[in-house]
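Q: Annotated transmembrane segment per TrEMBL: 6-22, 34-54, 66-85, 114-132, 152-174, 186-215, 275-301, 321-350, 371-390, 402-424, 431-453, 465-484 (among others), in sequence order. Annotation source TrEMBL lists domain 'Histidine kinase' at 766-979. Here TrEMBL flags 1002-1116 as domain 'Response regulatory'. Taken from TrEMBL, the feature 4-aspartylphosphate applies to ASP1050.
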Amino acid sequence: MILWIALTTSVLYAAGLFWLALKGDSGRFPLGPRAQSCIYGLSLGVYCTSWTFYSAVGTAVSNGWHFLPIYLGPILLFTIGYGLVSRILQLGKAQHTTSIADFLSTRYGKSGSVAALITIIATIGILPYVALQLKSVGQTLSALSPNIGGVIHSEGVVLGVAVVMAMFAILFGARQVDLTQHNRGLVLTIAVEAIVKMFALLAITMFVILILAGTDTAQINTARSFGEIFKVEQFDARFVVLTFISACAALCLPRQFHMTIVEAQKDRPDRLMRFVFPAYLVVIALVVFPITIGGTSILSAGQTSPDMLMLALPLSTGADWLAILVFIGGFSAATGMVIVTTVALSGMITNDLIIPLFYRRRINHARLSQSLLWIRRLTIIGVLFFAYLYSRTIDSTETLAGVGIISFAAVSQFAPALIGGLFWKTGNRKGVNAGLSLGFAAWLALLIIPTYLDTYPVFQIADDMLVSAVIISLSLNIAAYIIVSINTQANIIDKAQSAAFVSMEYRTIGSDRALKKMRVADYRLLLRQFVGDERSRAAMKQLGAQLNGRTYTDLDVADDALIEMVERQLSGVLGASSARAIIGSTMEGDPIPLEQVVAMFDETSQRLQFSGELLQTAIENIDQGVAVVDNDMRLVAWNSRYVEMFDLSADLIVVGRSIADLIGHNLRRNGLDENQIEAEVSKRLNHMRAGRKHGQEREQADGRILRILGNPTATGGYVTSYTDITADRRSGRALEAKVAERTRQLTEVNSALEKATRSKTRFLAAASHDLVQPLNAARLFTSALHEEIGNKLPKAKKLANDIDRSIEMADRLLRALLDISKLDGGGLQPEITIFPLAPIFDDLRSEFYRATQKKGLTLNVQMTDIWVETDRNLLLSVLQNLVSNAVRYTETGSVSLGVENESGKAHIRIDDTGPGIDPKHHQRIFEEFQQVGTQTKREGAGLGLSISQRIARLLETEITVVSALGEGSRFSLSLKQGQPKIDDREAPKARQSRTSDLVNKTVLYIDNDQSALDSLSALLEGWGCDIRTALSPEQALSAFPTPPELVIFDYQLDDGWTGDQLFEKLCKNWGQRPAGILVTAEDTGRTKDAAIRLSVERLLKPVPPAALRALVSQTFRKA
């Protein structure tokens, strides 16, 4: 039932609009000025289509504040920017503009190509949106009656609506040839439709408010949903771009330009006309909030499409009458837009595409008028027919807002040409065509093709496809418009129309002036009469050179270039207004009366006198000395500063004096002899006669420094200026001396700092050995004590463990401080090699196996054959710290070490099942002396991760963390993969078990610290080794006359010996080379090099007992 009521109401409503339009055109509604202003302002409400009627609420539901820009843009334009609208209105009326294509083509030299291109872009950009307006009628009928398919075919309804709209547009928009004539009936009808739209929106708003007011739960939900729907973060780049293109659309859409400019009865709008439309948009925007909030509170999510929320609200509560009113409001929005758009487009297509192609040379003026009307009517039918066909292909999921935004982006391409044409005289038709073509192509490539083919744009500068497409297309448009306009020559019509629009000079200067068929002889004579024979010949010669050597004969027809040159030459003598009058009279063939010529010369005489006085006043009030000579190199003008600067006498400085005399006078004052003076004067005169620019600085005999600049004049003369820069040069020299002194001081300070840094680095390298030695000995003694106690004294064993842990913590802190010092001093540099990860993983497994077993944890180490390219020792240091942290803070579960191969990168990860880290602390944990987490017992000073991160950055990578409280942690870093050598692949070293029998193994330990010897000796004896120690080379030889099975030696020894030197000497004495381990507190490049050169392992003090045992066992197995 409701369906038939809606259809009947819409038919009656359409009939009422026809009646109203007829009455409006008949003039039976006499309206006063205020009423006409209100109707004009309301007619601009055609901007509010079914998009703003239905989809504004849908957009608000889905994207909150993003519904607002479609209203905010026009509001800002018609309030803050109304000066621009008023200027376009005045120009449009003055130029009898019929469309935006006609307006822009008129500005740019009445160019047919500009008009055609704008028409094509407008048609392609807007036709899909017209189709979607038709489609919206069918969608609303389906919303009113979901079973419409069983009653009437919705496509038939859409076709019927299109036919009615075509009839309306033809009857009231295509009844007369002159498009600038006011269509009162059409304007009145659109204004009434605007009122109907607003009334329907206000009705549904009051309905929602009444429902919410009577339901407490709904009120609670409303308060909650406002903050959920409308969020501050929605004021983003998309919001700004939408506001901008909406403001552009309010002027550049063909229907908006038609209603705003073409249908305006006044060329200067009054105050009421200015504010009716913005006020209307404010009301329409405000009602969106209660409808959106009420709809989301009353209807459950997913119950209806957001675009159909306004119809679903009354239908869900049984208010069918209100649903019909809303339907009529949406029907008004769609029909108003379609009617005005088809009227505007039909005029553009007819005037700018069809007529130039087919009828311009085929029919006379008597037949042209009637033909134009029929063409325009057929064009209206054609536009609506293609829109109807397109509506049948539109996906039902396509939103009104989506297509509307795309259309707005299309017409915004007109904005650079429109605004530039009002304020920039240089813009011409070639620049506009280039800008529009490039911008439109970008719009197609970045917005249309990706939207309709569901693909990604070929290029994007922002995550939002609309933002990216609008910025790129408009940037290309503006850039091409400016660059091409600057680098191309505008013709005379372009320049005339530019002056008419930019300077608001409505009278155009003789369009197609060259078509007047005046001969070159006429303009040559005119030029000779006013500027003289010589200057006339020079001007003609210069013009020919500019036109690639073209020559003019007296019988040739004058072209635009010649006419423009003549006018420019006359303007220099007579003034612009007189020159324009003479050119216009010559073109029309009308002689100028003698009285007018005399008046012109009087004007010229006065202007020349005033110009001379003005020139003399100007040059007298500048600091430089100035001298002007004519083309005969004789003095014609100067200022008093020039006279003072060169101390010129009154009899020397007179008009007509040869500049050669003045140059000679100045040279004599500087002490040059006569032979030099004659040559220098000749040189300078030749330079001036050649018209070359001149610039130099010259020191005078009295010590003054002058900057001399010379420039030729257009008439062959020369202007020279003299500036006293003595003070500037002295200040510059003083400043240079001061800068040099400051530079020297800074260099000395930097040298001192570098020296101090090198001293600090050397001290740390030397001190590290002595600082770590006591800790090394203490730890080895503790380990030996632990072995000795065994399980006999549990309390003593616990004390020994506590001592060992304390020593370990002190060692870790000391090493961290030393590492920080090395990093700060630049003493830590990576040594990049290619090596496999497997040995490092095995070392880490061995190092932390006992610790994880002691805590009851599972240590999972992945087997891998991946090779990496980095510094092996620095990587091991980073991984040791990360695994150590994982073991330390994990109480139950497991610690895992693994690696993954991803795109040529080795991604190493360390996972644990510890307490986890709050995401807000993920950055803090990498800062020095920072510890976070929930553990109550913290160990260390918070330096490990800071140092590891700095080392990682030294290796050109970054440690990342993924963790949350109660979910464990994952630390990872990525390294470049390396390709192993062939022999490394083919002969991998087998890694064997670390457990072995050390009983009776002969070991020699060399160190210059007795406590270190005693501690390590006690530990190895506990393992069953036959160990002997030595403080010097002599003791080493006496301890083992024959080679032992293993030599453990420190790097720094007494009496100038180093461990590697002593080891080589012992091997030479023994006649063979036993296995060796270098134990040192110095983690530097030289200790690494020594270990590599001797083919021995290196172990850093303080030596972890477990690591030492594993390394000794491994060494014996290799031996």
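Positions of Cβ are set from backbone N, Cα and C atoms, glycine also.
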Q: Six or more residues out from either end of the transmembrane segment (114-132), which same-chain residues have a Cβ under 8 Å from its Cβ atoms?
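A: Contacts with the transmembrane segment (114-132): 49-50, 100-102, 104-105, 108, 253-254, 337-338, 341-342, 345, 348-349, 351-353, 356, 383-384, 386-391, 394, 398, 400, 403-404, 406-407, 409-411, 413-414, 417, 429, 432-433, 436-437, 440, 443.
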Q: According to DSSP, how is the domain 'Response regulatory' (1002-1116) divided among helix, strand and coil residues?
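A: Split by secondary structure, the domain 'Response regulatory' (1002-1116) comes out as 54 helix, 27 strand, 34 coil.
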Q: Counting across all protein chains shown, how many other Cβ atoms sit within 10 Å of the Cβ of the residue listed as '4-aspartylphosphate'?
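A: So the number of other Cβ atoms within 10 Å of the residue listed as '4-aspartylphosphate' is 24.
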Q: If you average pLDDT over the domain 'Response regulatory' (1002-1116), what do you get?
A: 87
Q: Count, for each of 66-85, 186-215, 275-301, 321-350, the Cβ pairs lying under 8 Å from the transmembrane segment (6-22), and report the range with the highest count.
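A: Going through each listed stretch, the top one turns out to be 321-350.
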Q: Between the transmembrane segment (66-85) and the stretches 34-54, 321-350, 465-484, work out which stretch tops the count of Cβ pairs under 8 Å.
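A: Highest pair count goes to 34-54.
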Q: Please report, as numbers and ranges, the same-chain residues at least 6 past the borders of the transmembrane segment (465-484) whose CB is under 8 Å from any CB of it.
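A: The answer is 237-238, 241-242, 244-245, 405, 409, 412-413, 415-417, 420, 427, 430-432, 434-440, 442-443, 446-447, 450-451, 457, 459.
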Q: May I ask for the residues of the chain that lie six or more residues beyond the transmembrane segment (275-301) and have a Cβ under 8 Å from a Cβ within it?
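A: Residues 37-38, 40-42, 44-45, 47-48, 52, 56-57, 60-61, 67-68, 71-72, 74-75, 78-79, 194, 197-198, 201-202, 204-205, 208-209, 211-212, 218, 221-222, 225-226, 229-230, 309-310, 312-313, 316-317.
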